[in-house]
Every structure is written in C-alpha cells, then in structure tokens.
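The structure appears below as structure tokens.
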Amino acid sequence: DDPTLERHFKGHRDAVTSVDFSLNKKQLASGSMDSCLMIWSMRPQMRAYRFVGHKDAVMCVQFSPSGHLVASGSRDKTVRLWVPSVKGESTVFKAHTGTVRSVHFSSDGQSLVTASDDKTIKVWTVHRQKFLFSLSQHINWVRCAKFSPDGRLIVSASDDKTVKLWDKTSRECIHSFCEHGGFVNHVDFHPSGTCIAAAGTDNTVKVWDVRMNRLLQHYQGNAVVNSLSFHPSGNYLVTASNDSTLKILDLLEGRLLYTLHGHQGPATCVAFSRTGDFFASGGSDEQVMVWKTNFDATDYGDVLKTQKSGMSVDGTHHSQPSELECGVHLKKTKPQDPGRNHHHHQEEETIANTLEHIVGQLDVLTQTVSILEQRLTLTEDKLKECLENQQRIIQNKVN
C-alpha cells in the first residue's frame, strides 16, 4: 500500500524547519522560521500549543526519548529545553556563537549534542544543563550532529562538504567522509548503528558503513535533499527535497519505492515516528503533514517486537501494551455484538480517559522531579563551593 496523508496541520506563519514525534505518537513538535515551536496533538479536536521564547527562527526541534522534554535550536544562537505542557516553560543554554542548526538527545536522554554555524559541535548534560565539551574540526557551518544509538559515536555534517565521525569518549575525529560534491544538509545513524546516511546539495543520498568506512549505497536525485529519516526497522529511508517531494527508498532492494507530492514548494524536513507507522514532513509552505506509512506493516512489526518495543505496530499486541498505548488499545478491541456495543464503548471511553488522566499526572510528577533534581544540583554545587571556601580560609589561617 502507498503511504497516505493522514493529518494536515496549519498554524506556522513561515517555513517549517523541523518535525519530530514523541515516543507515544500522541504529540508532534515542529519548529519554524516564525520563531515559534509548536506541539500538535495527534488526537482529533485537541488543541495545538505555540511556544514562544526564541528571538529568531527555530531551526531544529526534538523530543527527549521519554517525551518529557523538547529541545530546540535557533538562529538566536541559543538552545532551549521546553516542558511540553500548557505552561510551556523553558530553560536556555548559551555557548554557541552562531545559529544553532541541530539538536539531538542521546538514546538514554542524558546528553544533548548541538551543531552550529560557529563551526562547532557541542555536547551538554541534560539534567544539570551543563556544557561539557566542543568538537571543532569543521571549517564551515555544521548543519547536523547526531549520537549513534549506543551513544558512543557522534556523526556531523557540514558545509565544508564533509561528514565526520567522532568518538564521544576520546573526543577525537575518527574518520572524515569527503565524497560529497556539495554541502551536507543532514546526516543520521541507521537504527543498528552500523551505517550512516547523508543528504546533500548535490542532489544525492549516500549510505556509508561506519565500521569499514566505505560507501554502501548512492541515490542520485534531481533536487537538493534537505532531510532524511530511517524507518525504525532499518529497511527504509524517507527523504525531503527541494522539488517539493518526499521519497521512500527501500534500502534492502536499493531502489526508490515511492515519490510523494504534498507540499507546495521545498519539503524541508521529514521524520518517522518512533514505531515507524507514521512519518511527518514540513515545508516552505508553512504546513506540517502527517502520513500513514502503510507499507510492509507485518514485516517491520516483527522486527520491532524483537527489539523489545513495548508496542507492536501491526495491531496484534503480543507484547503487553504500555500504559500509554492502553487508551488506543482499548478502543481497538470493541466487541462486535451491536446490542452491547454502545455500553461497552462508553465504559472503554471512561477507562481510556482515566488512563489519559493518570498518564498526564505521571508526566507532571516526572517534570516536577526533574525540576527538583535541578534545584538539588544547584544546592549541592553551592554547598560544595561553601565547603571549598571554608577549607581555603582554614588553610590560610594555618599558613
């Protein structure tokens, strides 16, 4: 089955630059040149939230793995961490001296990597909100930086026409891929962590093996490729191009599967949901579109189940659904007897709503704990300072 357009979100007032799904597929975040970050609800009739704080275009957004935070990078040279709730509170990270083009959480949610026009890549701790270190060997703007799935490597893409691979521990560049004929707009790791895909202004998508550092696949398009995203199964890649199309590449067959037309003007960003049954795209036309994947549902349902994902994609739910999926799960399994249907449906609605509420409360608790953790850290730091000062005073007296 071809992918189909499922939802259409309008609310941004300028080109959309970035899209990302939360873990439970209930929310979608988007960033735009209009300086706003928006969080859209995937459930019908639910309102969208507009987050204001950045002083200039928002270039990139990403949900943390748990979904409790959203990171954004902006042309105002700052990175912000948002709590995606009604209040829309955020904290600001400042260390870059140029536009921040890319933000990415490590899979454990503990670290954040950012890339900027100041030619550096920076790594931060999320909870202590501390800047850790810079990687600086690119000689032009860095468009994109991502952690490998195991968090040990970082890959970066730059306007210096290289893709660089870094060791997070030693902080050294372990390889440079120089085969691009143009600027490299976007790069990402395959879910297995064994290869990377890069999109460029030379209209190509290239896939490299990072163990052997060799080119595996090369797709030649007819327009600049702005963004790409791997399907969680690792079998497909979706791309967004300046010719307004989204393309789905079958990596196992090494061929183009689908070309999708939806945007008017350049398609600027694209991302699969964490389970792969949806993908979202954004464009210069100020629109965010959500597509139902439809292809190969059974194939990748099995793949994901073996990856111990709490939710299965093909709707069979062999594994225990997580509490976040229960609302949806209950609605799926309605009894077929028409007499009892209505009553059961109401009960299910009530249960689903109660679960929604509980999950909401848990989110708030988690956020509160996170804020308390931050405060505790500050207190600990202050206390350490005081003790060190006391030590110094005592030392001085002794001397």
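The chain as shown is numbered from 1 upward.
Glycine residues also receive a Cβ, built from the backbone N, Cα and C atoms like all the rest.
Annotated in TrEMBL:
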type	residues	note
REPEAT	9-50	repeat 'WD'
REPEAT	51-82	repeat 'WD'
REPEAT	93-134	repeat 'WD'
REPEAT	135-176	repeat 'WD'
REPEAT	177-218	repeat 'WD'
REPEAT	225-259	repeat 'WD'
REPEAT	260-292	repeat 'WD'
Open item on the list: Before we move on, state whether the repeat 'WD' (9-50) and the repeat 'WD' (260-292) share at least 3 Cβ pairs under 8 Å, counting only pairs 6 or more apart in sequence.
Closed with: yes
Task: Spatial neighbours of the repeat 'WD' (225-259) far in sequence, C-beta under 8 Å, 6+ residues away - done: 2-3, 185-186, 188-192, 197, 199-201, 203-205, 207, 217, 219, 265-272, 274-276, 279, 281-283, 291, 293, 295-296, 299-300, 303-304, 307, 309
Open item on the list: Given a Cβ distance threshold of under 8 angstroms, which distant residues of the chain, six or more beyond its ends, lie next to the repeat 'WD' (135-176)?
Closed with: 98-99, 101-102, 104-108, 111, 113-117, 119-123, 182-189, 191-193, 196, 198, 208, 210, 213
